[in-house]
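Some notes on the structure that comes next.
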Amino acid sequence: MEDKMGSECEGPEMSLVCLTDFQAHAREHLSKSTRDFIEGGADDSVTRDDNIAAFKRIRLRPRYLRDVSEVDTRTTIQGEEISAPICIAPTGFHCLVCPDGEMSTARAAQAAGICYITSTFASCSLEDIVIAAPEGLRWFQLYVHPDLQLNKQLIQRVESLGFKALVITLDAPVCGNRRHDIRNQLRRNLTLTDLQSPKKGNSIPYFQMTPISTSLCWNDLSWFQSITRLPIILKGILTKEDAELAVKHNVQGIIVSNHGGRQLDEVLASIDALTEVVAAVKGKIEVYLDGGVRTGNDVLKALALGARCIFLGRPILWGLAYKGEHGVKEVLNILTNEFHTSMALTGCRSVAEINRNLIQFSRL
């Protein structure tokens with residue numbers, strides 16, 4: 001494995017005009033092991049690739065002769081206003097691609113006026129992330145550990161630090177079969193700052209902390225609800241059956257997600273699973289989506305199918321690898337500007353005007 005894990009997060013001046021440009025730059029400048037960690041999917045990466053391809057099977061139905069001189073991309077999630085329905089998904093180990101890691105990510109999210117979900121596997125401490133962006137809207141993503149006391153302590157820390165929601169990841173009771181990481185033995189070279197025993201104050205190697213609870217069940221959600229007043233969002237739901245159970249167990253939101261195709265391969269693309277999840281919750285809770293969003297049209301399509309907002313994973317890491325905080329800002333600005341254009345060209349003056357009539361499915 002190469003000694004250099006990532007880039008210096010300051011790239012040469014060049015014109016990157018779309019999210020795939022940032023991907024190409026990252027592929028060229030990151031070490032092989034880091035590149036594989038970010039890009040890799042589970043098994044044959046069928047779902048990872050289909051997350052992107054599925055958006056291209058949807059066609060737009062624009063409406064014209066509407067006054068689009070003013071287009072408003074603002075919306076709300078869990079009652080908090082965001083500048084656009086484009087937020088940052090939880091991904092781990094940002095220090096792999098940029099020295100300031102999640103602190104840079106948090107600053108960019110704060111500047112953009114959108115939500116950043118901080119991962120349990122953050123490479124910066126929660127305290128440092130909050131200090132870096134004290135006014136930012138932040139949620140916390142939790143991998144449930146078998147040690148209940150550890151979960152409780154972490155959740156209480158998160159709540160005291162001003163995080164506004166708890167996002168519980170459901171789709172990783174065991175780790176997916178990520179062939180590149182196995183070949184590169186990457187996990188032995190990563191450390192965690194926040195997921196640590198209450199009796200220890202030091203960072204712990206990732207491979208020692210991978211035991212995520214394999215016994216977490218629906219009835220366990222009431223324990224989390226009893227120890228926090230934060231809204232609880234469930235991440236990783238792909239079926240109407242689980243969506244109905246989420247509503248039954250009084251959670252506040254769902255992120256339709258297949259973990260970027262990194263867990264169980266050959267499941268539905270996120271955008272393909274969105275429709276049945278939205279139908280199942282019947283408007284009772286908010287539904288979000290991550291996976292495969294690369295253009296403003298993709299954002300529009302997700303909202304047309306009922307997502308409240310989308311969350312970006314890999315593109316944020318590409319931005320970090322390019323120019324740290326400023327690279328993430330560029331990624332967010334490009335996608336937001338594309339979304340603004342998509343809204344104008346389909347006749348939508350506000351997010352509320354985006355609806356199912358704007359799209360149709362097409363077999364390519």
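Using N, Cα and C of the backbone, Cβ positions are placed for all residues, glycine too.
The domain 'FMN hydroxy acid dehydrogenase' annotation in TrEMBL covers 11-364. The FMN binding site feature in TrEMBL is assigned to 90-92, Ser119, Gln141, Thr169, Lys235, Ser257, 290-294, 313-314. Here TrEMBL flags Tyr143, Arg178, His259, Arg262 as glyoxylate binding site. Positions annotated as active site, proton acceptor by TrEMBL: His259.
Annotated features, which come from TrEMBL, shown on the structure.
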{"residue": "Gln141", "record": "FMN binding site", "Cβ contacts under 8 Å, 6 or more apart": "Pro90, Ile117, Thr118, Ser119, Thr120, Val167, Ile168, Thr169, Lys235"}
{"residue": "Arg178", "record": "glyoxylate binding site", "Cβ contacts under 8 Å, 6 or more apart": "Gly40, Gly41, Ala42, Arg262"}
{"residue": "Asp290", "record": "FMN binding site", "Cβ contacts under 8 Å, 6 or more apart": "Ala89, Ile255, Val256, Ser257, Gly260, Ser270, Ile310, Phe311, Leu312, Gly313"}
{"residue": "Gly292", "record": "FMN binding site", "Cβ contacts under 8 Å, 6 or more apart": "Asp50, Asn51, Ile52, Ala53, Ala54, Phe55, Ala269, Ser270, Ile271, Asp298"}
{"residue": "Arg294", "record": "FMN binding site", "Cβ contacts under 8 Å, 6 or more apart": "Cys18, Leu19, Thr20, Ile52, Phe55, Pro315"}
{"residue": "Arg314", "record": "FMN binding site", "Cβ contacts under 8 Å, 6 or more apart": "Gln23, Ile38, Glu39, Thr91, Gly260"}
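A separation of roughly 11 Å, to the nearest angstrom, links the Cα atoms of Gly92 (FMN binding site) and Tyr143 (glyoxylate binding site). When pLDDT is averaged over the domain 'FMN hydroxy acid dehydrogenase' (11-364), the result is 92. There are 24 other CB atoms within 10 A of the CB of Pro90 (FMN binding site), with all protein chains counted. Max Cα-Cα distance over the annotated glyoxylate binders (Tyr143, Arg178, His259, Arg262) is 18 Å. Apart from the site residues Tyr143, Arg178, His259, Arg262, the chain places the Cβ of Ala42, Asp171, Ala172, Cys175, Gly176, Gly260, Gln263 no farther than 8 Å from the centroid of the site's Cβ atoms, the recorded glyoxylate location.
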